[in-house]
Structures are given as structure tokens and as C-alpha cells.
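According to Swiss-Prot, the features are:
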- 9-29: transmembrane segment (TRANSMEM)
- 41-61: transmembrane segment (TRANSMEM)
- 86-106: transmembrane segment (TRANSMEM)
- 119-139: transmembrane segment (TRANSMEM)
- 148-168: transmembrane segment (TRANSMEM)
- 184-204: transmembrane segment (TRANSMEM)
- 222-242: transmembrane segment (TRANSMEM)
- 270-290: transmembrane segment (TRANSMEM)
- 320-340: transmembrane segment (TRANSMEM)
- 345-365: transmembrane segment (TRANSMEM)
- 377-397: transmembrane segment (TRANSMEM)
Amino acid sequence: MLPELQRSITWIQGTALTIGAVLGCGILILPSVTADTAGPASLFVWVFMSFLSFFLVGTLARLVKIAPSAGGITAYVQLAFQKKAGAILGWIMLGSVPIGVPIIALTGAHYVSYITEAADWQITLIAGCMLAISILLHMRGIQLSANISTLVICVIVFLLVTSIAVSLPHVTIAEFKPFLPHGWSAAGSVSVMIFFSFVGWEMITPLAEEFHRPEKDVPLSLFLAASCVAGLYIMLSFVTVGTHSYGENGEIASLAMLISKGAGESGVYVTVCLALFITFATIHANIAGFSRMVYALAREGHIPVFFGKLSATKRTPIRVLTAMAAVFGLVLAAHGLFQIDLTTLLKGPSAAFIASYICTMAAALKLLGRRDIGWWMALGAFVACAVIYSFSGWALLYPAVLAAAGYFYMKTKGGHKKKLDHVL
């Protein structure tokens, strides 16, 4: 029998990892940005997108019960269609996380410049340190990594709940009138931005083989995390609108202004701490899920089998993590040397993420029956993702190029069929 990933994750740790994967730095700026664009109506959009996120979560929860695999969403597509389809989706994902995660790290590190006059190279160094710490923790094993994630998420939730609580007394009903100052078109325009605040659920599914009871614990983790994330987003949007903490200052200043109404001048420092904690939690969870997905692809022979090795002592995909560290370094170096705009860098990975959701929902429509509530959730999510994907512009080509590269690789290599020794 081939060695397996170590089963050590509980539903508590799974919930923390899931929250970390979804709750990005967008929570620090989007409530104010969307309120500035759509007014109080932005709160309605946050509620609607929170509801839509349960469609995605419900579908993933059903799929995990069918195939609790380290392949995650690639395993579901493979099961629904064929091995090549799952492998091609895996190649699409190869072009998302390795670029997206360093961008997240840079975004979080950028917030430090609001309390210090950090130079660009210092911001890049801070981002690199966060990535390096996360990689090293994952190399030490999923148990330690999950415990750290749980601790960080507890700190984040405490700070956010405290910020909301101290702001509630300053909420006034008058700030919610008029509800639609810029019309429904403005409310619709912010929906795409808000949608990206609810992506990342799929990153917990590749950890299924490391849960004690994946069929029960993964769905529980997904639904608890979805409830927590939705509650935080909606309440933060509510107090942002109700205290009119938007439209007057820059991105981070809006949240700092909100927190300062209850916490005084320390608001900006609390905000920066939140930014760093949230950034680390996000990159940590994404590295966890993605490294297992790549390991599973190598295990199946869909990418070079060199990456299908586990550490003999920690049962972690050590070679994948090392390769990720190298790619992260290249992305940071490219950004530092050529000053590539982060928004431009993010367009490709964003399109790849949406494409992965479309493929996953299509797989669910085939695997689940129409009498299953998960089928209807998948249908709603499929339609929503397809519409959003159509607005990706030139980035539409990015997933297509990655898919073509994967198809070419499998065509030339023919897929490795030999059995592997999965332990170093």
C-alpha cells in the first residue's frame, strides 16, 4: 500500500483554514469602496452574494462526500468526465495560485506603509517573509500548520468583531437614506468585486485526505466558515454604511476611520495588524490546499512525477512546497524589478479561478441528480459564474492557454502509469 497523507485535521482546524482561504484583505477595503459606489444599496449586494456563496459551499460539500480526495476539484471533474478533463483543470489551477498568492502577500504588506514610510523593496521583503514562514510551517506538517491557522483566525475574528461592536453605537438610520442614490446599475457594478470576496472555498477540498472524518468534517467546516464569513462581511458593511465611514479618505483610511470612532487614534494600527493577520491566514490556507492538489496531480501522472513525493517523517508534499517557494520568489522578483501593476497580474489568475468554478459546477451537474438540492445549487452557481466570466476581457484567454499546455503535456508524455514510491 502506498503511503498516505497524515490524517490529523479536525473540523475546528478545517473551519479556520476555510475562513482563512476566503477572508482576504478585501474585507478591509471593499465595504467602503462598494458603499462609495452604490451607497446603502451595497449592503443588499453583500447579503445577496453571501446567499450565493452557500450555493458554492453546498455543492462542494456534496462533492466532498462523493470523492474525498487530495485532488480536490480536479478529482470531481475527473470523476464526472474523464481523467484528461481533471488533469486539464489542474493545469489551469497551476497558473492561478502560484501568481495569486504572492499578489495577496504584496497587497497585505502594502498596508504597512500606512504607519511607516516603507520603501518598495521593504514591502516586497515583508511579503517574502510571510510566504517563507507559511512554507516552512507547512513543511513541518499539517498539524502544526493547522494549529497556527486556527490561532491566527481567532485573532482576526476577535479584532473584527470588536471593531464592529465599538462602531455599532455610532450607526444612524439616516445614513441608509436614500437607499439607492446611484440606482440599481451602480449596485450591479459592485457585484463582481464582492463576488471575489467569496472565492477560496475550493482550497479546503484538497485537504480531505488529511481530515479524521472527511465525509462529515469537511462539509461541517465549509458551512461553519461560510456562516462566519457571511456574518462578518454583512455586519462590517452595515456599520460602514451606518456610520458613513467611506468616501472621504483612502482605502485603509476608511476602515481605520470606522475603528477609530470606537477605539480612538489607535484605529489605524489595529487596521494594519488586521491586514497582516488576514494576509497570512489567506496565503497559508491557499498554500495548504494547492500543494495537496499539485501532489495529487503528480501522483496520477498528470504533471511530472517528481512532485509526487511525501516527506518520510511529516507526510507533507515537500517537493511541491519547495517548488512553490521558488515560484513565489520569481513573482516577487519580477514585481520588484519591473514594477508590474498588481491589478494586471491578478486578471489572469482571477479568470482561472472563475473557470475552475465553472468546471466544478458542471461536474456537480453531472454527478448529482436533480432531486438533490446540491444539483440546483450547482446550477445557480454555474450560471452566475458563467456570466461573471464573460466580463473577464483579455484574461479569458489565460485559462485557455494553460489548458492547451496541459493537453500538450499529456499528449507528449502519455501520462505516467508506473507505480511510485511516494515517500522521500
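Placement of Cβ uses the backbone N, Cα and C atoms for every residue, glycine included.
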Query raised in the report: So which of 41-61, 86-106, 270-290, 320-340, 377-397 is most in touch with the transmembrane segment (119-139), counting Cβ pairs under 8 Å?
Result: 320-340
**Report entry** the transmembrane segment (148-168) in contact with the transmembrane segment (41-61), cutoff 8 A, at least 3 CB pairs, sep 6+
**Finding:** no
Report summary line: Same-chain residues at least 6 beyond the ends of the transmembrane segment (345-365) with CB under 8 Å of its CB atoms are 56, 59-60, 62-63, 73, 76-77, 79-81, 85, 89, 92-93, 95-97, 99-100, 103, 196, 199, 202, 331, 335, 374-375, 377-379, 381-382, 385-386, 388-389, 392-396, 398-399, 402
Query raised in the report: Residues sitting near the transmembrane segment (320-340): Cβ under 8 Å, six or more positions beyond its termini, same chain?
Result: 98-99, 101-103, 105-106, 120-121, 124, 127-128, 131-132, 135, 138-139, 287, 290-291, 294-295, 298, 307
Query raised in the report: Cβ pairs under 8 Å with the transmembrane segment (184-204): which stretch of 9-29, 41-61, 222-242, 270-290, 377-397 has the most?
Result: 41-61
**Report entry** Region pair the transmembrane segment (270-290) / the transmembrane segment (41-61), three or more CB pairs under 8 Å
**Finding:** no
Query raised in the report: When only pairs 6 or more apart in sequence are counted, do the transmembrane segment (9-29) and the transmembrane segment (222-242) reach 3 or more Cβ pairs under 8 Å?
Result: yes
Query raised in the report: Short question: which residues 6 or more past the ends of the transmembrane segment (222-242) have a Cβ under 8 Å from it?
Result: 11, 15, 18-19, 22-23, 27, 31-32, 34-35, 39-40, 42-43, 46-47, 50, 53-54, 57, 60-61, 64, 157, 160-161, 163-164, 167-168, 170-173, 175-176, 197-198, 201, 204, 254-255, 258
Query - For the transmembrane segment (41-61), sequence-distant contacts whose Cβ falls under 8 Å of one of its Cβ atoms, 6 or more beyond its ends - result: 31, 34-35, 73, 176, 179-182, 184, 186-187, 190-191, 194-195, 197-198, 201-202, 205, 218-219, 222-223, 225-226, 229-230, 233-234, 237-238, 241, 357, 360-361, 364, 368, 373-374, 377-378, 380-381, 384
